[in-house]
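Peer 1: For reference, the structure I am asking about is given below.
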Amino acid sequence: MSADEKRMAKEKVVSLFYHAYNAYMDNAYPADELMPLSCKGRYRGSEPSRGDVDDSLGNFTLTLIDSVDTLAVLGDVEGFEEAVRNIIRDARFDCDVIVSVFETNIRILGGLLGGHVMASYFKRRGMGLSWYNDDLLSRAKEVGDRLLPAFNTSTGIPYPRINLKHGIVPQISSSHRDTCTACAGSMILEFAALSRLTGIPIYEEKARRAMDYLWQQRHRGSDLMGTIINVHSGDWIRRESGVGAGIDSYYEYVLKAYVLLGDDNYLHRFNKHYDAVMRYMSQGPLLLDVHMHKPNSISRNFMDALLAFWPGLQVLKGDLVPAIETHEMLYHVMQRHNFIPEAFTTDFRVHWGNHPLRPEFIESTYFLYKATGDHYYLEAGKKVLDNLETHAKVDCGLAAIKNVKTGAHEDQMDSYVLAEMFKYLYLLFTEQEDLAIDIDDFIFTTEAHLLPLTLSVGNSTPTVPKIRPDAYNFEVDLSRPVSDNYVTRLGEEVGGRGVGQEEGAESEEEGDHTCPAIHTTHASGSGYPHTVRSLIKNIVNRVSPHTRNRGPRLKAGDFIAGNKEQLDQLHAMGIRIATMADGRIQLLHTASEAHSPADAEDGMQFMQEMIELSKHQQPEAQHDPMFIHVTIPGLKETEVIRAGPAQFGYDLKDNTPVTGMLAVSRPYRACKEMENVQELAGHIVILERGDCMFVDKARNLQRIGAIGGIVIDHTEGSTSESQPLFAMSGDGTNDVDIPMLFLYHSQGQQLLHMLEDNSFLQATLSASSDPQPPSAQRAEQATATGPQGVDPSSGRTGETEPLPLLHQQPHLPSPHDDTPTPLAQGEEREGDAFTDHVMDKFYHHEAQLRDLYYLQVGSHYLHVNVEVRPSAVKPAAIESRPNTFSLDALPDGSKMVTARLSYLSPGYERNKPALNQMYMDTVHLLQLHTNLNHLPHTTDYLRALARCLEAGYFGMSRVDSDALTLLRGLSRQLQYVHRYPSQPDRPDPQSPQSPDSATTAGHTQGTAGHTQGTAGHTGAEKSSNDVDRSYAGAEDFTESAPHTPSDKSSASTQDSGGEGQGQRSGVSEGQYVRGEREHGARVGEGGALEIVGETRMDVPAQRETVTGDSGDGVAVKPADSDHSISQSQSSDFRDSQSQGLDNVDQSVTSSDSQSASSRQSGSQTSSSGVDSEKSGASNEQNKDGRPNDEL
């Protein structure tokens, strides 16, 4: 590298440093760390916990303290002085938080000491800070005092954690009894420096005692150390021994304690440890962990990035050959992945993919360059610098690498990036004469803080010659040919002990009592490192060649447990899946079972991604159970089933329950396009676990308009009685608005059996086991004054339209309750979050069993159920049969009409009841038990009902939007009334004025009753008594006699004399039609259904009949009286062979004459659609002579 290139590299280092430093000062200070992606500061407790990583934070301006002496090394005296002032002013160390003793020592205490040393250095040389008065040293003493209680253990090994304000609190003494070897053995430099700078010996004494105890606990046979030790008993908790995470800086501090303090004991200990490491762990350039008590047994087959400091330590030891080898191996790994992954396997594949911008590799690069002067290491440093700028630089600082393979960023910039990384990079590219300080007068701590070598003066330990020039000058004969054992022999010739030396042999060579320097000379000059490197030049590519592109790798986020293709991919990667007893799956990875090394690497990365996904999931908590209340509409019995919740979608705990009819998905697992979409819309859908994620099932249900889902476990025999509550997890995307619950297999089968027995089950999904949730969960209701007129074209009431309240528990009407339901009163309500999702769609559900035919049609606002059971004998009259009708207000604000019918038939397993008959009887029951006849626009509502029944009967997927609008209006106004209201003015059933009267099941039948006015009058205009008289009674219906077909285009009604009497023709036996009443229904000749609405006068009732044929026109025959105002509607239902209902049209004719006239036959009018309503009620009179507007 040329001088200009080196200078440009230095300038890039400075520029990149200030990019990150200024980002911290501008956006994060005085926070501990910068979050470069969020561009804000990270305070302890202000962000979600990252576990032990956060224990380095104490709300004490960590990054500024840790990086202050880097400003001094860069020669930025002005910036350094400003940073010192900021620390003195803002840093506080009395926060009530638990911090890591190790991290606080090396970063905070070491940073304050390094800042104090540099401030004193500049002050003595007149370079600035003339005002400085050991302020940082005073702050360092405060930190040391706060850490001292950690050493109060029986062994002298410090606790790993401490509360800055309260010391060792019960939480620490009970939960933090084990510490790592590096944590306990990396205190000596900072604590000894603090003692020697302040003259207070207690700090060094505590740290020495800890180091002495650790040395005593080494394995005497191998001289190796474990990784985790108990602070009270001294027992090793983890006996793995290595040079990486958990133990790395212990070895570093043993050697540097000798360098700084001049105590030969530390050098002796280091040489023992170093010999053991090189004997048992070193395998060429690799350093593998072993068991301390079985040193020939490898404990793991991967290495971590922290061992990258080891070549630099070997340089201080003077053992250059293995240092060059290991550094070269690491450099190749870095070149392959841009950064050294946090852990990698022995074949150099990624084991842990993250990289928090660790500085250990550049530290070793700097020391190797200082030792050899080889520009190769300048190029290596430049590669690191370029990668930082290319892959880690963001707008707000430098971001850690989340995965070296993908280059994804982490919202993290640790303080050591500024404290170590840029300090070593700057020193690497800067000439000695350009530095503001003489770097050789200082030693680096493990955090790269500078401590002066003059601290060793006055040490009382036995002294030996520290400087022997011949120990640093050696010659190596490189003229011999390279052989397989050349590296080992070369190491022996350099002066280090050979790997093959007998175990346990004590070395008394003088080199063991010296401190090797980093400056070396040799006969071959700069070619020496190159020769060593050439032996392992292509080791990484030879052991782990680049794999060819085999297509996209399966990622953990895309994994679906039941996907066969993905399971095959996992098998190829050496991953096996085991299903646990509670239904969860366990992934087991065995690299040796993979199809190839490349597949094994993919499997390792997949497992890592799966672990990362689990970290970001919410911690497993005690979820509250949910409940499914299963009821049959019209019955009070409720079955309550305990269910598991979902961690996504509609939250039943914070919102009202969801109620709907149950349906089963086809296909059962609902992972593909569903076949029975129309049956599932508006329903709570039952489905099975498997083939896709829970949240994907929910999305599929939501897409087709389902209002909820119940997932049944696919593991046969699983039950909630013996297994814990199972909570379904999502994928982090909050786009599901329907509730989902989980049932184990046994409880799911219980629900399915119930559905087999009753295909019209209703379920309520709730967070409460009480079927009636507390009133606090109900939405506030505002009461209106009464029913209002509805425009049939829009369904709106007056100026504003009440919105149905979903998930509500309204007042359930009963046959003995005259109080209108809140929904019928037109209350104003506010929708909730669930309302936005539900769409008003038509749906139908049909089921046929031998003993039951069931048809359900409707929309989100009104559900109409028709249940038809066969009878071996002719059934009794419909009005004399019990439990034939119910009107229920459902918790979601909708209403359900249920008609229970029975016809003479052997069963309905292979055939269906006639549509005409079902429709007519359903209308009959509505007239008997509701206020249907009292509502305006009844004929429009009946037309909508006819369209829906037709669509459901013949399996059509939709109806016109007008029909849905009318159903909505009907749902709002339909009310239950007494079956037979008392009517004082009703004629005596035995009187001759009512010859058609008869007694059925204890009820009196007659033809009494007054009709309501024509359009323009609402129910609010009539008194309650008169309103009651407008409802249908049992006497208004008579069983029809067999009919004789006549003219196909009409069905006539012949008067037989008395008022209210009439003989019907054109109806089928067993059918019921209205007699002399408004809004009646009858079957005309040829099976045509007639819905007749009329207003009675004081003259005998005359009816205008309307019939339809297969054409578009509808024939209208005027009534016998020109003075009657009649309204009739005809719906022509084709028979079962024609498979359809034709147009349902209506015609309205009116006349203001009140005299009787002869029938006008042959007059016909064609009409399509709904004519506007004609006013004329003001001139009408009832048969008592009163104007109808008084009713």
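Just so it is clear, glycine is given a Cβ too, placed from its N, Cα and C backbone atoms.
The active site, proton donor feature in TrEMBL is assigned to GLU103, GLU342. The active site annotation in TrEMBL covers ASP248, GLU360. What TrEMBL lists as Ca(2+) binding site is THR446. Positions annotated as compositional bias 'Low complexity' by TrEMBL: 802-811, 991-1018, 1124-1139, 1146-1170. The compositional bias 'Polar residues' annotation in TrEMBL covers 1041-1056. Residues or ranges marked as domain 'PA' in TrEMBL: 658-751. The region 'Disordered' annotation in TrEMBL covers 493-513, 765-828, 980-1191.
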Peer 1: DSSP says what for the domain 'PA' (658-751): how many helix, strand, coil residues?
Peer 2: 22 helix, 24 strand, 48 coil
Peer 1: Could you round the CA separation between THR446 (Ca(2+) binding site) and GLU360 (active site) to a whole angstrom and send it over?
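Peer 2: Cα-Cα distance, THR446 (Ca(2+) binding site) to GLU360 (active site): 9 Å.
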Peer 1: Taking the Cα atoms as reference points, how far is GLU342 (active site, proton donor) from ASP248 (active site) in Å?
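Peer 2: Approximately 14 Å lies between the Cα of GLU342 (active site, proton donor) and that of ASP248 (active site).
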Peer 1: Just how many other Cβ atoms lie inside 10 Å of the Cβ on GLU360 (active site)?
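Peer 2: A 10 Å sphere around the Cβ of GLU360 (active site) contains 24 other Cβ atoms.
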Peer 1: With Cβ-Cβ distance below 8 Å and at least 6 positions apart along the chain, what are the contacts of ASP248 (active site)? List them in sequence order.
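Peer 2: Result: ALA182, LEU306, LEU307, PHE309, TRP310.
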Peer 1: Take every residue in the domain 'PA' (658-751), average their pLDDT values, and give the whole-number result.
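Peer 2: A mean pLDDT of 88 is what the predicted model shows over the domain 'PA' (658-751).
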Peer 1: About how far apart, in whole Å, are the alpha carbons (Cα) of GLU360 (active site) and GLU103 (active site, proton donor)?
Peer 2: 16
Peer 1: For GLU103 (active site, proton donor), which residues of its chain lie six or more apart in sequence with Cβ-Cβ distance below 8 Å?
Peer 2: ASP55, SER56
Peer 1: Please name the residue among the recorded positions GLU342, THR446 whose C-beta has the most neighbouring C-beta atoms within 10 angstroms.
Peer 2: THR446
